[in-house]
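Novice: So that we are looking at the same thing, I have put the structure below in structure tokens.
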Amino acid sequence: MQRAAGKELALAPLQDWGEETEDGAVYSVSLRRQRSQRGSPLAGPGGGQAPSPDAGTFLHYRTSKVRVLRAAHLERLVRELVSVDREQDPGFVPTFLATHQAFVPTARVLGLLLPPPPPPLPPWVEIKKTEGQDLSFNKNLRAVVSVLGSWLRDHPQDFWDPPAHSDLGSVRTFLGWAAPLGPEALEAEKLLRDFLEAAEQEQEEEEEQPQASAGPPGAARTPSPDSPEGSVEEEEGLVQEGPELLDFSADQVAEQLTLMDVELFSRVRPCECLGSVWSQRDRPGAAGIAPTVRATVTQFNLVTGCVLGSVLGAPGLAAPQRAQRLEKWIRIAQRCRELRNFSSLRAILSALQSNPIYRLKSSWGAVSREPLSTFRKLSQIFSDENNHLSSREILSQEEASEGPREENSPPGSLPSKLPPGPVPYLGTFLTDLVMLDTALPDMLEGDLINFEKRRKEWEILARIQQLQKRCRSYCLSPCPPILAALRAQRQLSEEQSYRVSRVIEPPAASCPSSPRVRRRISLTKRLSAKLSRERGASPGGSPGDPSSPTSSLSPGSPPSSPRMRDPPPGSPPASPGPQSPSTKLPLALTLSCPRIPHVGQQGSEARVIRVSIDNDHGNLYRSILLTSQDKTPSVVQRALQKHNMAQSGARDYQLFQVLPGDKELLIPDNANVFYAMSPAAPGDFMLRRRKKEEAQHTTSGSPT
């Protein structure tokens, strides 16, 4: 007991105590120190209000033990949903509901969570039930109903399973006898109606689809990639009907882009952003995975395509005229920054920094000094240096800007008057979640689900949800003419962009006056440097690893148009001219590396690789972290664990590196994979089961 002298005591509110293992579960234990005040007899008469700290108040501290579940079997995790102390561990239920799709389907959870219905009572038994009270309603049933209420409210799409929606049917059946008059039952019925209406609307749209045009309005005006370069001029004879996008003011265009980004970001399902879900998007038959995230990717690529099409789509323009288009897009980007729309801001900058545009020295040389200065400042937001630290810090500052809070509002509620937005660049969160999924294992020793990993994922998903709530404060109205011009804007493919750019300015004329693009540091080097800093070592390697993945294929960032990539080998270097920004500009859409906690011992080199299994289930890749210390057996075993095949033996599989041209490189059984693989090929690997004879030789110790 200590006396307060008007100062706060420097005592840690929570201290780590250790771990406890109990019934197939691992808990982290902490000691929570809570303060309570009690006045001394000299502070005043008893029974009055609590005295102030300066009036003889004594501070009393009591210590309580706090247990947080870190790992457990699935059955124990589901049991914890209804038995967890929400005061001690308030994040367990929302974490489980938000991340369970990564390790168990909804139907499996419901099978373990929902109790069987009670047997029917004989008709002669009279049941007396007061209003608001249900039959056989005990504490466990109330907990199950509460969990289902949160699930239906916060993650309704988990129950989308057309046409029968059997999972939702199981919930409705349970609530029908456990809480037939409760809000949870009403929520389930409303959700079913919404699903049925959505299915009807989707069917109507499919019936109308054949009557629609075969392609977007601008598709007919896109030149063929196989046409000769001289035919690009002839394509200009096809004039777009109605006003072009840049005929509208910069403010109007930026507001409509923001409106579209807000609507798409608000509909994003956070669970689709999980690394284990988003990383499956490229496998065959995965076109329906993460549709809400794919929609934001499509919009991002639409904006970059509009910038490329409007700047490059008119080869006959003089350099000053093309410079006016560059300046217009810079003003649109600046307005997006003012509207706190970082998604379209990133898309516009990515297009302006792409090779087909940045190499146009005559056009950039005609851009005024003030727009170039604005372009330089905006580009620094997404600089590759320091892991996009500027964009992360700015986004955190934008999130922290809150308006006044209403009186008597509950703790943790949003202020009544929030500034609009911000709309984040979703690729930042996707990258963090993919890296987190790569760095931390799904399962721990004893086949325990690593729930601590899910807590770390929930920290990112909760931030996405909070930003989605903030986006509701935008007040923007759609402008059909601008939206029509946006959809009709001519789009250019990667090959078309380079071809048109070379027609505008031949390669020999490139490019001392265009803004310089900084070569990005590869994922390998950045991850290696990050791990080295966490271990107290100096980062190894130098920037510019040739094995760096292309920006369009970054596993975390949205796979934007392939046109955003580094300069091709042999392209002339770009040096800043008198009117260019004084600092180098980064190429957008690179893969950033977040802080990775609890990573095991690593060497001075590391990279992320993707490993698939050669079987009949499709080309499903899972990412793992490869270090310079990893031998083939450990890589194979970790890959099997990622594919939920931990029961298989590593000696039963061979590791192959997938090379261009449908070639493969066999990694020897006891090789150091980091040095045995081909550095010039992408980091894609495949496990193939050995033949029985080879497996027997391997088991007996014979060389393969």
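Note that the numbers count up from 1, one per residue, in the order the chain is shown.
Even glycines carry a Cβ here, placed using N, Cα and C.
Annotations for this protein, taken from TrEMBL, read as follows:
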- 28-56: region 'Disordered' (REGION)
- 65-200: domain 'N-terminal Ras-GEF' (DOMAIN)
- 199-209: compositional bias 'Acidic residues' (COMPBIAS)
- 199-239: region 'Disordered' (REGION)
- 210-220: compositional bias 'Low complexity' (COMPBIAS)
- 249-507: domain 'Ras-GEF' (DOMAIN)
- 396-419: region 'Disordered' (REGION)
- 525-585: region 'Disordered' (REGION)
- 544-555: compositional bias 'Low complexity' (COMPBIAS)
- 556-579: compositional bias 'Pro residues' (COMPBIAS)
- 605-692: domain 'Ras-associating' (DOMAIN)
Novice: Short question: which residues 6 or more past the ends of the compositional bias 'Acidic residues' (199-209) have a Cβ under 8 Å from it?
Specialist: 162-163
Novice: When DSSP states are grouped into helix, strand and coil, how many residues of the domain 'Ras-associating' (605-692) land in each?
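Specialist: Helix, strand, coil within the domain 'Ras-associating' (605-692): 19 helix, 34 strand, 35 coil.
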Novice: Give the residue counts of the domain 'N-terminal Ras-GEF' (65-200) per reduced DSSP state, in the order helix, strand, coil.
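Specialist: Split by secondary structure, the domain 'N-terminal Ras-GEF' (65-200) comes out as 80 helix, 8 strand, 48 coil.
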